[in-house]
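The divalent metal cation binding site annotation in Swiss-Prot covers ASP8, HIS10, HIS42, and the record cites sequence analysis as its basis. Residues or ranges marked as 4-CDP-2-C-methyl-D-erythritol 2-phosphate binding site by Swiss-Prot: 8-10, 34-35, 56-58, 61-65, 100-106, 132-135, PHE139, ARG142. Annotated site 'Transition state stabilizer' per Swiss-Prot: HIS34, THR133, in sequence order, evidence recorded as sequence analysis.
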Amino acid sequence: MRIGHGYDVHRFAEGDFITLGGVRIAHGFGLLAHSDGDVLLHALSDALLGAAALGDIGKHFPDTDPQFKGADSRVLLRHVLKQIHGKGWKVGNVDATIVAQAPKMAPHIDAMRALIAEDLLVELDQVNVKATTTEKLGFTGREEGIAVHAVALLLRA
């Protein structure tokens, strides 16, 4: 069994929605990124890659590569899963914490969990997503961006 941790941050930029966990959420800003900016799926991908000792998403999907410009992070997550399966691992469970002052995440968490479970080929009860604020402290508290911490447990397939 292996455990991996992932962390990602994206700052807010011009736009009217963000994508988190594959879910499009209306917001007064977008997220600045080379891909679609799905900070949740990026942190999960890093946790999974880390657990399998496969590096990080920057190694697999560099932001200097034009083929990943605007990339759908769900496609990237499914690619990560193939890499993990190729090393003889399967997902035991994943757990993520979204750190954001806004927008409110609670109405979207069930949909995020469902899409992540679908992409990782696991049951819904193997995926947890939660959200918190920093009580208006730090860059997330000032609504300058969003951060996500993620943990993944891999089991031998």
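Residue positions begin at 1 at the first shown residue.
Each residue, glycine too, has its Cβ placed from N, Cα and C.
When secondary structure is read from DSSP and collapsed to three states, PHE139 (4-CDP-2-C-methyl-D-erythritol 2-phosphate binding site) falls in the helix class. Of the binding-site residues ASP8, ASP65, ASP8 has the largest number of other Cβ atoms within 10 Å of its own Cβ. In sequence order, VAL9, LEU31, ALA33, GLY37, ASP38, VAL39, LEU40, ALA43, ILE146, VAL148 are the same-chain residues whose CB sits within 8 A of the CB centroid of ASP8, HIS10, HIS42, the residues recorded for divalent metal cation being left out. Note on proximity: among ASP8, HIS10, HIS34, HIS42, the recorded positions of the record, the Cα nearest PHE139 (4-CDP-2-C-methyl-D-erythritol 2-phosphate binding site) is that of HIS10. Counting other C-beta atoms within 10 Å of each candidate's C-beta, the recorded positions HIS10, HIS34, HIS42 are led by HIS42. Sequence-distant neighbours of PRO103 (4-CDP-2-C-methyl-D-erythritol 2-phosphate binding site) (same chain, six or more apart, CB under 8 Å from its CB) are ILE18, ILE25, ALA26, HIS27, listed in sequence order. THR132 (4-CDP-2-C-methyl-D-erythritol 2-phosphate binding site) falls within a strand segment according to DSSP. Here the candidates are the binding-site residues ASP8, SER35, HIS42, PHE61, and by Cα distance the one nearest THR133 (site 'Transition state stabilizer') turns out to be ASP8.
Of all the recorded positions in the record (HIS10, HIS34, HIS42), the one with the smallest CA separation from ASP65 (4-CDP-2-C-methyl-D-erythritol 2-phosphate binding site) is HIS34. Comparing THR132 (4-CDP-2-C-methyl-D-erythritol 2-phosphate binding site) with HIS42 (divalent metal cation binding site), their Cα atoms are 18 Å apart once rounded. Cα to Cα, ASP8 (divalent metal cation binding site) and SER35 (4-CDP-2-C-methyl-D-erythritol 2-phosphate binding site) are separated by 13 Å. By a simple count of nearby Cβ atoms, those within 10 Å, the most crowded of the recorded positions SER35, THR132, THR133 is SER35. Cβ neighbour count within 10 Å across all protein chains ranks PHE61 highest among the binding-site residues PHE61, PHE139. Each residue contributes its Cα atom, and for HIS10 (divalent metal cation binding site) and PHE61 (4-CDP-2-C-methyl-D-erythritol 2-phosphate binding site) these two points are 16 Å apart.
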